[in-house]
Structures are given as C-alpha cells and as structure tokens.
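A.B. asks: First the structure, then my questions, so here it is.
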C-alpha cells in the first residue's frame with residue numbers, strides 16, 4: 001500500500017537520545033538538565049510524578065500521531081499517567097487531553113473524515129459516544145470490515161473490479177451491459193484502467209449482475225452497466241445501459257462510504273453511519289413502502305436510527321449491519337428470514353423482519369463481532385477473538401459445521417477452533433476464511449472456485465487451501481462471486497499486493513488468459529495488477545525520525561515506556 005507520513009517540526013534544542021538510553025529503566029539514574037529536573041519521572045515508580053517529557057508536549061503528540069496508536073492504546077495512556085489525561089492546551093480545543101488531540105489528528109488522516117465540516121464532526125462524535133478516541137475506533141472498524149482506502153479485488157457475476165490504494169480502478173470480464181465502464185460492450189480478459197475516472201480517487205466498489213457501483217473519497221457514487229437498484233428490474237427490457245461511470249444523482253446529498261447490492265435492493269452507508277436502501281420496499285420489507293422502480297434512498301428506520309453502523313452486507317433478500325457502540329460492536333439484520341438467514345432462531349415465513357433487529361446470540365456466545373459477510377443464503381461473522389460464526393442455509397456444507405443442515409442462529413465453527421480468523425467471505429453456498437498468519441480455509445460447494453484439490457467434492461468442514469499456501473505469501477483478503485447463476489470465481493490478495501485468481505474464467509473474469517477450450521482454472525494464477533501493502537501510515541521513514549532529533553530505535557523505546565506504564 002502507499003506509505004504516507006506527516007512532516008513534523010524539528011526541534012533543535014532537545015535531542016531525545018539525550019533522555020532515553022539503551023535501557024529506558026535506567027533513565028531514573030541519569031543526570032538531567034535543570035529544565036528537565038522534575039520531581040520524579042513517570043517510569044513505573046511506586047511514587048507517581050511528572051512525565052519526563054511534560055515540558056515538550058508537541059514532541060509527544062507528534063510521536064503518538066506518527067505511530068498511529070489505536071484508541072485502546074491512547075485510552076491506556078490516559079489511565080496510567082496523568083500527563084495524558086489533563087488538558088493539553090492545544091488549539092482549537094484547549095480542554096482536550098493530549099490523547100484526545102492525537103486521536104483527532106489520526107482521524108484527520110482518513111479521507112472520509114478529512115473533508116467533514118465542524119458540525120458534522122461534532123455530530124459524529126456525539127453519535128459515537130462523545131470522544132475522539134471512540135470516533136477513531138468507529139473509523140478503524142469500518143476500514144477493517146470494508147478495506148476502505150486499501151487495495152481490493154471484487155469477484156462479481158462474470159466480471160471483476162480491482163481498486164488500488166491510490167484509487168485507480170481496473171476492470172475485466174463480461175461486459176455485455178457496459179459493466180466494465182470502458183465505454184464499450186466488449187468482453188476483456190485483460191485488466192484495464194477505467195480512464196474516465198482519471199482524477200477521481202475510488203475507495204470502495206460493489207458488484208451485481210450486469211452492474212457496477214464505485215464510491216469516491218468525496219462520498220460520490222458512480223454507476224455503470226444496467227443502472228438500477230434491484231436485480232428483479234433487470235428483467236425489464238427498457239433498463240438503461242451506461243458504459244462509462246456516471247454519478248448517481250439520487251445519492252448526491254449523501255456522503256456514501258460503502259454500497260452493498262442484494263437481489264431485490266441496494267443499500268448504502270453514509271460516513272455518519274446511517275443506512276439507506278433503494279427499491280424493494282413492498283410490504284415494508286425494509287421498513288418503507290416503495291417499489292422496484294424507486295431510485296430514491298430511504299433511511300433504514302427502527303433500532304439503527306440512533307446507532308452508527310460501520311459495515312453493511314447484502315444477501316439475496318436480506319441485509320446485515322455491523323453497529324458501533326462504545327460498549328462494543330453488535331449485528332442487526334432485516335429482510336427475508338427464510339432458512340434462518342437473519343439469525344434470530346426462526347426459519348419459517350415468520351422469520352422475516354421489517355425493521356433491523358439485534359442478533360442476540362453473539363452476547364450469549366461472548367463474541368464481539370468485528371466483521372460481517374452475507375452470502376445469498378448464508379451469513380458469517382468474525383469475532384474480535386478470532387472465532388467465526390456461521391448461520392443460514394447449510395447446503396453443500398457452506399456453514400462449515402460438518403452437515404448440510406440449516407442453522408437459524410449464529411453457531412461457532414468448531415473446525416476453526418485452532419485458527420484465529422481476521423477475514424471471512426461468503427458466496428453462493430461457499431465460504432472462505434483468512435487466518436491471522438495469512439492462511440486460507442474454504443468449505444462449501446465443490447468447484448474450481450473453492451480452491452481445493454477435489455474440485456467436484458463438497459467440503460463440509462473448513463479445509464486449508466493448499467495451493468495458496470504453496471505460494472509462500474501471506475494472504476489478507478478473499479473475494480468470491482456472491483450472486484448470479486452457475487460457477488463463480490475467487491480472488492485472494494496477499495500482503496505484498498499480489499492478486500491470485502481461480503474458478504470460472506470463460507468470460508475473462510479471472511484477469512488471466514486461459515488456454516484453448518478451457519473455461520475455468522483450479523490452480524491460483526497471478527493477475528497482472530499489483531500494489532504493495534506492506535508499508536502504511538504506521539511506518540515511519542528514517543528521514544522523518546532524524547528530523548525529530550532521535551533514532552528509530554529510540555522512538556520505539558519511547559513508545560515501549562508508554563506501553564509498560
């Protein structure tokens with residue numbers, strides 16, 4: 001990914017290496033200059049005292065923001081040292097603690113926060129619980145679930161989109177409706193940039209049958225292909241075809257950060273954490289009365305009106321929302337509940353919900369959800385502790401529970417008990433899980449897109465995708481076809497930015513050229529779109545460290561003191 005750094009001041013009068021030795025604990029025995037001879041240094045002594053850089057808060061703030069400390073780390077600093085709790089006297093709010101100022105500065109590095117007005121920021125702060133640390137937690141939660149502002153690849157129904165961290169979009173595959181955005185309706189197996197988007201940075205994408213949605217860092221939504229908000233409307237002959245990205249005017253008043261496409265509806269998420277849906281309001285299925293032709297966004301009413309949402313996921317006829325609260329994350333579901341897809345313990349016609357309803361089972365399992373994924377007919381959650389829960393239709397073993405039985409409430413996948421998951425992706429009766437060590441597991445309907453050796457066999461329990469392990473690269477993200485009929489395809493992205501593809505490739509959707517008379521590929525193949533993800537905002541360049549007056553090793557020692565006390 002792209003390395004971004006902030007340029008700080010270079011104080012010439014204070015050298016940190018004159019304060020922190022190789023052994024930081026020995027600092028209490030050093031002879032300090034008069035202006036640093038405070039009552040007692042805050043290094044874990046039984047008698048609390050002043051923080052040893054209390055006279056230089058700007059340096060402390062620069063280190064906190066440059067290292068991109070998380071909200072939990074900042075809260076720990078406040079809890080263990082009074083220096084981080086008291087007002088820091090920084091503008092514009094002199095009453096904020098230095099930890100709160102650091103959280104605000106880190107928030108401002110995010111594209112969706114950077115362009116907020118002051119009133120919008122304060123409203124977001126209020127909705128998140130009244131703290132900039134909580135706002136930072138809210139933003140990071142959205143980035144984790146959606147890969148916002150990071151490289152991503154999406155496997156749609158026979159067409160594909162990749163987005164680099166710089167916001168450049170490449171498209172390939174089926175293009176009969178112009179869903180590649182290239183200005184034509186010709187298929188293409190070779191990834192090509194969508195040149196009409198030059199100058200527009202894209203941070204998110206969503207794919208449906210014959211259509212593509214892109215979201216810019218300015219919150220604008222661009223669409224091409226069959227432009228509609230319900231796949232049910234695709235049957236209407238007069239559906240308009242657009243072959244180059246056009247801004248969706250009905251969403252112009254909403255700063256959108258994510259879109260999710262179901263079969264009967266489309267949902268979008270605003271940067272404030274509000275959910276809007278378009279189409280499929282008949283019988284109040286989504287809490288409003290509209291028909292398939294309605295292109296106006298309708299706010300999702302009910303329980304989530306005053307609770308910010310960080311991620312949404314759309315299945316065939318239902319929607320999942322990962323909600324943010326200061327006490328922890330939770331999952332709400334709405335729509336059709338046949339087969340137990342909504343996770344409330346019901347599976348018949350009475351299981352449907354017109355308004356978002358909290359899935360209570362996670363509390364009983366003592367799991368805090370951090371990511372949701374909605375397949376057409378089954379769903380998944382990754383917990384903060386790395387456990388994976390699955391529920392819904394269990395056909396072909398897509399739930400990983402060892403049977404093909406449906407589950408009407410979330411159930412922990414026992415076959416992953418020795419795996420700490422960081423990512424889950426669901427498709428058409430297929431599931432992929434990525435572990436914290438970069439390994440990939442899959443289960444469900446047999447086929448080339450499952451990545452297993454026995455392509456014709458269903459996999460009822462999680463099984464390591466050995467072909468990806470053999471690449472000797474650490475995987476970080478998987479995307480697979482989530483709608484449409486027939487065999488799908490799968491992308492796996494590595495930490496270094498390499499993209500692998502396997503599954504159906506008859507329309508060029510793999511981004512690699514297949515041999516004569518071949519329609520799919522079981523072995524992962526490299527796609528010629530690569531961008532490194534190893535470097536990021538948390539990596540500091542040597543020249544910046546030198547500009548601050550101390551070495552990288554000394555900066556690490558500085559933060560080590562923080563974490564130990």
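Glycine too: its Cβ is placed from the backbone N, Cα and C atoms.
Not my notes, these are from TrEMBL:
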{"type": "REPEAT", "residues": "167-218", "note": "repeat 'RCC1'"}
{"type": "REPEAT", "residues": "219-272", "note": "repeat 'RCC1'"}
{"type": "REPEAT", "residues": "273-325", "note": "repeat 'RCC1'"}
{"type": "REPEAT", "residues": "329-385", "note": "repeat 'RCC1'"}
{"type": "REPEAT", "residues": "386-437", "note": "repeat 'RCC1'"}
{"type": "REPEAT", "residues": "438-496", "note": "repeat 'RCC1'"}
A.B. asks: Within the repeat 'RCC1' (219-272) only, compute the mean pLDDT.
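C.D. replies: Mean pLDDT for the repeat 'RCC1' (219-272): 83.
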A.B. asks: Write out how many residues of the repeat 'RCC1' (386-437) are helix, how many strand and how many coil, based on DSSP.
C.D. replies: 6 helix, 23 strand, 23 coil
A.B. asks: Using DSSP, what's the helix, strand and coil tally for the repeat 'RCC1' (329-385)?
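C.D. replies: Counts, helix then strand then coil: 10 helix, 25 strand, 22 coil.
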